[in-house]
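S.K.: Below you'll find the structure I mean.
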Amino acid sequence: MPSTWSLPCFLAKLVFLWGLCQAQYEILGYPPGYPDPSIEHYTPPVLPEDTPRIQLRLAGDKRKHNEGRVEVYYEGEWGTVCDDDFTIHNAHVVCRELGYVEAVSWSPSSKYGKGEGRIWFDNVHCTGNEKTLALCPSNGIGVSDCKHTEDVGVLCSDRRIPGFKFVNTLTNNIDNLNIHVEDVRIRAILSSLRKRTPVTEGYVEIKDGGRWRQICDEEWTQMNSRVICGMFGFPGEKRYNTRVYKMFARRRKPAYWDYSVNCTGNEAHLSGCTLGKALASKGNRTCGQGLPVVVSCVPGRSFSPAPMTGFRKAYRHEHPLVRLRGGAVVGEGRVEVLKNGEWGTICDDNWNLMAATVVCRELGYGSAKEALNGGRLGQGMGPVHLNEVDCTGFEKSITDCSFTMDNESLGCSHEEDAGVRCNIPAMGFQQRLRLSGGRSPFEGRVEVLAERNGSLVWGTVCSEGWGTMEAMVVCRQLGLGFASSAFQESWYWMGQVNADSVVMSGVRCSGTEMSLSHCLHHGEYLHCPRGGGRFAAGVSCSETAPDLVLNPQVVEETTYLEDRPMFMLQCAYEENCLSSTASSTPANAFRRLLRFSSQIHNNGQSDFRPKLNRESWVWHDCHRHYHSMEVFTHYDLFSLNGTKVAEGHKASFCLEDSECDEGIEKKYECANFGEQGITLGCWDTYRHDIDCQWVDITDVKPGDYIFQVILNPNYEVPESDFSNNIVKCRCRYDGHRIWMYSCHIGGSMSAEVEETFPGLLSNQVTHR
């Protein structure tokens, strides 16, 4: 069959493939278009002859690979730096000496644990422009009156200095000196692997001084391969065909890096490994009897190598015993474990990169980029199952690590929930989507890269049916966090003129997809009645989102029946809060109401606000109040076979802070037409005696039922987690009395418990 490829088509595809290759390194935090032209290119420092020769490293209890206690190697001994007079200028010097662009922050009082040995520097005063910490004025090297409780730590930027050259200023080989280089990559060598995404096998190459170099495999170990695979989002390594690579190495002369690598296998990043034997004398020759290092990684359950045009098989279900919740992207979230049929959280006491990496690998991701503490990805519910987790890094599951039960510890609340951000493989999804015309990188018209008539072209997405779930997927795919709004008109954002045509329509997402192309959508034949242009889909994204959770205990404890005469229900009837048979009920007849209170917590990362500004709220004359959201909750009663027998709904006529956690001030109050919302860490209580806070069960026969409440049922307001917006209860009605029991939040129990509701299991929203 003759080829139908034209030269322009070939060039377009070549550009796309190059973009996907570059995507491999985004996992290390480099900006698009790396290197950043605004950053001065690195030149190795020329130091005065009398400058003390030192080496630096970051050590201690880390939550990121690019942070830690500042340690200094001098005269054959590792020591620390005192926090007296330490400033961000000092931190900049430290981070740049280690090859990072800049410092983000610094921490006093041995935040990363107490070091050992001498305290080499005290009362350091840097301007920020020094080439080494040894050039900053201080008391003098080794002169200090500090203790190790004053050891200083720094957090450096993710970005590395372009052209950074690793320089070992000490002539003797330091076997515990950490590795700091400009960049690392896995370069696919075999033609059959170059066409697949993600890149799982190839040469390990280090960029040092602006040049890519291979590593000699004479000193290479399986533990080194484990660390490299973890960095690039893979949980493990496997064997590969050495014979093929020997043939390739004979044809092309490798350029070797000057050092070997020593990893223990539990490092989260290559920068945690130490330098091995110096190979400078071998230069670019034969590396003795060795060859360039090759790694072959095993992709996790959520990813599988596939041709670049077909990502449909990339998504897999999560592990059934450990899960992540509340994160914006795949491989990020609050860690939850299943125990005794109930999901619970992990306390952040002693939580570090090693424990976080065990979780990430268990879920089929790579090593951890960050171990999060303080409930930063939202607070969980239910019990705190594990505390003071201590891992070696090689456990198969986080439950194999040593830990204490929460009831054996003191005061561990959901304010201390642990979370992780894992390394995931670069799938190239970010290169297929962009936001155009916005005032900031977090907003704009959605434009996708699609194949049309054999060429790759940018175009818009039809906004017909476009909503929160679709916007969530766009923000996730671009790494911009959560959606804050979804727009069906984008005339105020002037996108790229050559991308006005609609190339995608009929998009329907569940909200969990990694890419917009994974969502249901029309194929080659588009259908978009209003067209693109001003009606193209748009989004705005946010790094944080709220998370509404209903307290199931309050529902269970406040349920009762009330028989109320119809003449007292006229306003409720006008707002459709009664069943359909109410229209034929005489004014002096009674309706039977299942009443209860709702206590709605915001356990997320930001305040919950109504979709509409108050200028757009709807006035209801009968009840004499505004509705900020017409449908805020659904109340449903089901038979045991799933048939709906009664229903109700609640508009948010007043969304405000009823009470808050200790130390949090109320922001929202409905009085005097005030702003509505629920502050992070607060809750809104809809009392049982408020109109429409019920289900009309006048026509329901006695029996056993399932009662269900759903918050934000139409997904009008984006949340970090929609899976916990539902509460289910078992319900027994004998015609005169009603019992509510086994109330729990959807997804808080195992699948087996969820199906049967046995016993009286119930989970706490908060332990505060």
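From the backbone N, Cα and C atoms, a Cβ is placed for every residue, glycine too.
Keep in mind that TrEMBL annotations are predicted by a computer and have not been checked by a curator.
Here's the feature list from TrEMBL:
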{"type": "DISULFID", "residues": "CYS82-CYS146", "note": "disulfide bond"}
{"type": "DISULFID", "residues": "CYS95-CYS156", "note": "disulfide bond"}
{"type": "DISULFID", "residues": "CYS126-CYS136", "note": "disulfide bond"}
{"type": "DISULFID", "residues": "CYS263-CYS273", "note": "disulfide bond"}
{"type": "DISULFID", "residues": "CYS391-CYS401", "note": "disulfide bond"}
{"type": "DISULFID", "residues": "CYS509-CYS519", "note": "disulfide bond"}
{"type": "DOMAIN", "residues": "56-157", "note": "domain 'SRCR'"}
{"type": "DOMAIN", "residues": "186-298", "note": "domain 'SRCR'"}
{"type": "DOMAIN", "residues": "322-423", "note": "domain 'SRCR'"}
{"type": "DOMAIN", "residues": "433-542", "note": "domain 'SRCR'"}
{"type": "SIGNAL", "residues": "1-23", "note": "signal peptide"}
S.K.: Could you put numbers on the helix, strand and coil content of the domain 'SRCR' (433-542), residue by residue per DSSP?
M.R.: 19 helix, 40 strand, 51 coil
S.K.: Take the C-alpha atoms of CYS136 (disulfide bond) and CYS391 (disulfide bond) and report the distance between them in angstrom, rounded.
M.R.: 38
S.K.: Roughly how many angstrom lie between the C-alpha atoms of CYS146 (disulfide bond) and CYS263 (disulfide bond)?
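M.R.: Just about 32 Å between their Cα atoms.
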S.K.: Within 10 Å of each Cβ, count the other Cβ atoms and name the one among the disulfide-bonded residues CYS95, CYS136, CYS273, CYS519 with the highest count.
M.R.: CYS95
S.K.: Counting other Cβ atoms within 10 Å of each Cβ, which of the disulfide-bonded residues CYS156, CYS263, CYS391, CYS401 scores lowest?
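M.R.: Result for the disulfide-bonded residues CYS156, CYS263, CYS391, CYS401: minimum number of other Cβ atoms within 10 Å at CYS401.
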S.K.: Sorted by position, what residues of the same chain at least six away from CYS509 (disulfide bond) have a C-beta under 8 A from it?
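M.R.: Correct list: MET469, GLU470, MET472, VAL473, LEU516, HIS518, CYS519, LEU520.
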S.K.: Short question: most Cβ pairs under 8 Å with the domain 'SRCR' (322-423), which of 56-157, 186-298, 433-542?
M.R.: 186-298
S.K.: Any idea which of the disulfide-bonded residues CYS82, CYS126, CYS146 has the thinnest Cβ neighbourhood at 10 Å?
M.R.: CYS146
S.K.: Name the one residue among CYS82, CYS95, CYS126 whose Cα is closest in three-dimensional space to that of CYS263 (disulfide bond); these are the disulfide-bonded residues.
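M.R.: Closest candidate to CYS263 (disulfide bond), judged by Cα separation, is CYS95.
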S.K.: If you measure CYS95 (disulfide bond) to CYS126 (disulfide bond) at Cα, how many Å is it?
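M.R.: Rounded to the nearest whole number, the Cα-Cα distance is 13 Å.
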S.K.: Determine, to the nearest whole angstrom, how far the Cα atom of CYS126 (disulfide bond) is from the Cα atom of CYS401 (disulfide bond).
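M.R.: Spelling it out, the Cα of CYS126 (disulfide bond) and the Cα of CYS401 (disulfide bond) are 42 Å apart.
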S.K.: When the Cα-Cα distance from CYS401 (disulfide bond) is computed for each of the disulfide-bonded residues CYS82, CYS156, CYS273, which gives the smallest value?
M.R.: CYS273
S.K.: Between CYS273 (disulfide bond) and CYS156 (disulfide bond), find the distance joining the two CA atoms and give it rounded to the nearest Å.
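M.R.: Taking the Cα atoms only, CYS273 (disulfide bond) lies 17 Å from CYS156 (disulfide bond).
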S.K.: Please report the Cα separation of CYS156 (disulfide bond) and CYS391 (disulfide bond) in Å, rounded to an integer.
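M.R.: About 25 Å separate the Cα atoms of these two residues.
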